[in-house]
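**Student:** Here you go, one structure.
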Amino acid sequence: QIRYSIPEELTRGAFVGNIAKDLGTDVAKLAAANLQVLSDSDSQYFSVNVNTGVIMVSERIDREQLCGQNPRCFLHLKLAIENPVEFYRIEVEILDINDNPPEFPSDEVSLRIYELASLGARFPIQPAQDPDVGTNTLQTYHLSANDNFNLNVKARTDGGKFPELVLERALDREFRAFHYLVLTAEDGGSPPQSSKIRITIQVLDANDNHPVFDRPSYGARLVENSPLGTLVVKLNATDVDEGPNGDIRYSLSSHNSAALRQIFAIDEQSGEIRVQGNLDFEEATVYEIEVEAKDMGSPTMEEHCSVVVEVTDVNDNAPEVILTSFSSSLSEDALPGTVVAVIHVRDRDSGEQGKVLCHVSPDLPFQLRKDYEHQYSLLTSTRLDREHVAYYNVTVSASDLGSPPLSRHITLPITVTDVNDNAPQFEQASYEVLVAENNPVGSVLVTVSAVDPDSEQNSRLSYSILRAGGTDPGLDPTRYLSIHPTSGQVTAKFPFDYEQTTYLQFHVEVSDGGSPALRNRTLVHVFIVDQNDNAPRVHFPRAGEDSATQFRISPSIVPPALITKVVAIDADSGRNAWLSYHLVEATDPGLFSVALRSGEVRIMRALQETDASAHELLVVVRDAGEPPLSTAVTLVVLVEEKGPEALQGSEARAADGGGLPTITLYLIVSLVLISTVSLAGLAALGV
């Protein structure tokens, strides 16, 4: 970077610098390199002679137009050279010259001053303005020679100089009614420049005492955001005159800005300055109020003073919480330390009141990490479990260090997404089912149920039957049973037969829809309950389809001699196999009896000559089922002299002809009944 300094207002073509010399290169080389000058501003103030390497002024440069009141003024150029391409930055400082004289707002000003104005009274004059800077700007004022007034220059905190006429000798209107003065404003240039304003002073009679403040300046200190109507200061000015000439009215000077007038107001009679706008430390820390006190004389007399108000900062700005990055969903298998959100905080207050601390509830599985001064990261502190808590409202609190502290909260809704980390669990470790035999096909035997605390696809369950051992190791449960894959209902494919299978067990497996799927099993015990589906079967005595069993007894048999015993069995079990024997029909009902439980057939009285020689007995064997089933057997007892005694009988053909028509009828009826029952049982079994 190359720097030059030139004064403003140079003529066109004025020398600025020799770029070839300062770059240490040959002029011919610059010409061949196609040297170009590029300006950062809209105007092209400089040009370069490629033959000599000299930078010259190409346009008029007015430093006040470019930089205003800035103490230093720069113009920046760029030199571009080709082959190879190179850029050089040139900084030209524009030095101020004394090309602007101080100027007053007007050429003449008029003042009216009472002849009895107190010595030392001050009369402000509109100050002159000089756009130059440094020593070339306004430096001092000069007052023309006179007998009554002296000049005082008041310097403000912003560097401005305000001239005031100070009465040094009492006025006498009868001696001189008008005073003509000349005020000269002079800058510090070389040579200095100046301007003048004519001051015409009219000396008025009567009200010869101006108000006097009890101090030349006042100071006050207020906290920002003070309530409207807060008293800033109470001014006190006195005027020794009486009547209207001593009645003082206070007002804010015209020197005050419009913004200041919106913040402060003064009571014209009491002199109380009160707050009427918002005091904000972040906008201004000090206010300087110019106040004037005027009496009610004719003409009025006035006095001026300044009130300096310092504003102290209070903690009136809550921290701001800005969400830079945020993920609203988080997998439950996220590792501790996973970043959920990035938060930026700031506070407009100053000092300790502008420092911000953030925190979250310690009861949540989240923590804050301070990345740097104004940034925090929200992290997981422990592992998450969606089945325990599926949703979190994480409140991040930001508090400053003020007294009392201010805080702001932001709530972050975080949803925990599911992973397949829970296997299905059956409601029972095992199931026991009682099923009546001959059950309908498709009837529901049992419903197994499992639960999975996971969600959505991970909790969708599917049931299936596995092979398991039972009473028959080779029995495959899937041949007889099926299960609904979603409801868990186990149904029968075929009717069960207690006489073939009394017990069946199998495993039911449930799997979820996760990837990979998780599984569990339960054991189901099926107990077949017997039904009365088998009629009793007579084992003794045996008889053919068309024959009855015959027994021979002696006419001299002694009661209660045992003639025979009917023996029957029932394939059912339990109550369905409890048998009872009943004598249904007999040629002589009082001659024979049948034991209810044992089936023993006995003669109950001695035979007589009038008794028949052949007796037909119809014995029915009945079980205890609901409804009961029965089987009938026909016994023929022959009374013969040569027959054996009790318990001796033999089978014989049924009597032919019309000798025994009743026995033949009973046999036919019995066979028909037995055949009908058998066919019905086979048909039911087939269904």
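Glycine is no exception: its Cβ is also placed from the backbone N, Cα and C atoms.
Got these off TrEMBL a minute ago, pasting:
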DOMAIN    5-104  domain 'Cadherin'
DOMAIN    105-213  domain 'Cadherin'
DOMAIN    214-321  domain 'Cadherin'
DOMAIN    322-426  domain 'Cadherin'
DOMAIN    427-538  domain 'Cadherin'
DOMAIN    545-663  domain 'Cadherin'
TRANSMEM  663-685  transmembrane segment
**Student:** Could you please provide the mean pLDDT value for the domain 'Cadherin' (214-321)?
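**Tutor:** Averaging the confidence scores along the domain 'Cadherin' (214-321) gives 88.
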**Student:** DSSP says what for the domain 'Cadherin' (214-321): how many helix, strand, coil residues?
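**Tutor:** The composition, in the requested order, is 10 helix, 48 strand, 50 coil.
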**Student:** For the domain 'Cadherin' (5-104), DSSP counts of helix, strand and coil?
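**Tutor:** Looking at the domain 'Cadherin' (5-104) with DSSP, the answer is 16 helix, 38 strand, 46 coil.
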**Student:** Within the domain 'Cadherin' (105-213), count helix residues (DSSP H, G, I), strand residues (E, B) and coil residues, in that order.
**Tutor:** 3 helix, 54 strand, 52 coil
